Amino acid sequence: MAYPVQLGFQDAASPIMEELLYFHDHTLMIVFLISSLVLYIISLMLTTKLMHTSTMDAQEVETVWTILPAIILILIALPSLRILYMMDEITTPSLTLKTMGHQWYWSYEYTDYEDLSFDSYMVPSSDLKPGELRLLEVDNRIVLPTELSIRMLISSEDVLHSWAVPSLGVKTDAIPGRLNQATLMTSRPGIYYGQCSEICGANHSFMPIVLELVPLKHFEEWLLSMF
């Protein structure tokens with residue numbers, strides 16, 4: 001989860017998020033090197049008084065500054081495409097969770113089980129218990145098993161929403177009349193927080209998401225308690 005005055009990403013809790021963090025560091029290093037080179041060239045231009053008045057063209061330099069950016073773009077594009085394909089890859093899911101966005105709450109349906117669905121509203125600040133997080137707690141948490149592939153089906157009943165959980169590297173738009181799909185998998189039990197990430201009206205800021213990821217045995221016990 002996030003911490004006060006945090007500048008970096010949240011800790012990765014899924015393989016996809018780990019790949020995204022590696023790609024971010026890879027791209028940031030390239031940007032840093034290019035920025036340093038540009039600043040160095042600018043500083044040379046500002047501090048030197050030498051000028052090559054007889055130089056009309058420099059084909060070697062033009063060749064280098066055409067080929068080098070192309071190579072850099074390829075070094076950025078290939079890892080990016082790899083992660084995009086990983087995010088869209090759908091294996092045989094062990095569980096399917098249907099998510100519907102509303103103004104301004106979420107509803108969830110475990111489609112593999114009959115009559116297992118509920119709405120999830122934000123807990124008002126006046127009802128929070130000690131240790132609970134303001135604007136992030138909900139009355140009904142999503143409970144999911146760890147180490148299993150979970151398919152998320154995401155849509156909306158009214159306007160555009162976006163179902164996002166940063167620690168899991170998931171952000172999928174909820175669009176009325178359209179069913180989007182995402183895959184979740186994590187080996188780390190815990191409670192993970194997210195929020196609606198698409199401006200959807202007056203109470204957009206009050207649509208938190210809470211996932212409680214537990215071992216399979218505890219998930220089965222939770223299922224029995226829901227019937």
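For all residues, glycine too, the Cβ spot is worked out from N, Cα and C.
The annotation topological domain 'Mitochondrial intermembrane' is assigned in Swiss-Prot to 1-14 (among others).
Swiss-Prot lists 15-45 (among others) with the feature transmembrane segment, giving similarity to another entry as the kind of evidence.
For 46-59, the entry in Swiss-Prot reads topological domain 'Mitochondrial matrix'. In the predicted model, residues of the topological domain 'Mitochondrial matrix' (46-59) average a pLDDT of 74.
Among the features that Swiss-Prot reports, transmembrane segment is placed at 60-87 (among others), with the record citing similarity to another entry.
What Swiss-Prot records for 88-227 (among others) is topological domain 'Mitochondrial intermembrane'.
Around the Cβ of MET207 (Cu cation A1 binding site), a 10 Å sphere holds 27 further Cβ atoms from the protein chains shown. In this structure, MET207 (Cu cation A1 binding site) belongs to neither helix nor strand by DSSP; it is coil. Residues annotated as Cu cation A1 binding site in Swiss-Prot, with similarity to another entry given as evidence: HIS161, CYS196, CYS200, MET207.
What Swiss-Prot records for CYS196, GLU198, CYS200, HIS204 is Cu cation A2 binding site. Annotation for GLU198 (Cu cation A2 binding site): spatial neighbours LEU160, HIS161, SER162, ASP173, ALA174, HIS204, criterion Cβ-Cβ under 8 Å with sequence separation of six or more.
What Swiss-Prot lists as Mg(2+) binding site is GLU198. Taken residue by residue with DSSP, GLU198 (Cu cation A2 binding site) is part of neither helix nor strand, so it is coil.
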Neighbourhood of CYS196 (Cu cation A1 binding site) by C-beta distance under 8 A, where only residues 6 or more apart in the same chain count: GLY101, TRP104, HIS161, SER162, TRP163, ALA164, HIS204, MET207, ILE209
Which same-chain residues, if any, lie at least 6 apart from CYS200 (Cu cation A1 binding site) yet have Cβ under 8 Å of it: GLY101, GLN103, TRP104, VAL159, LEU160, HIS161, MET207
C-beta crowding around HIS204 (Cu cation A2 binding site), within 10 angstroms: 17
Long-range neighbours of the transmembrane segment (15-45), counting only residues six or more past its ends (CB under 8 A): 9, 72, 75-76, 79-80, 83, 86-87, 166-170, 185
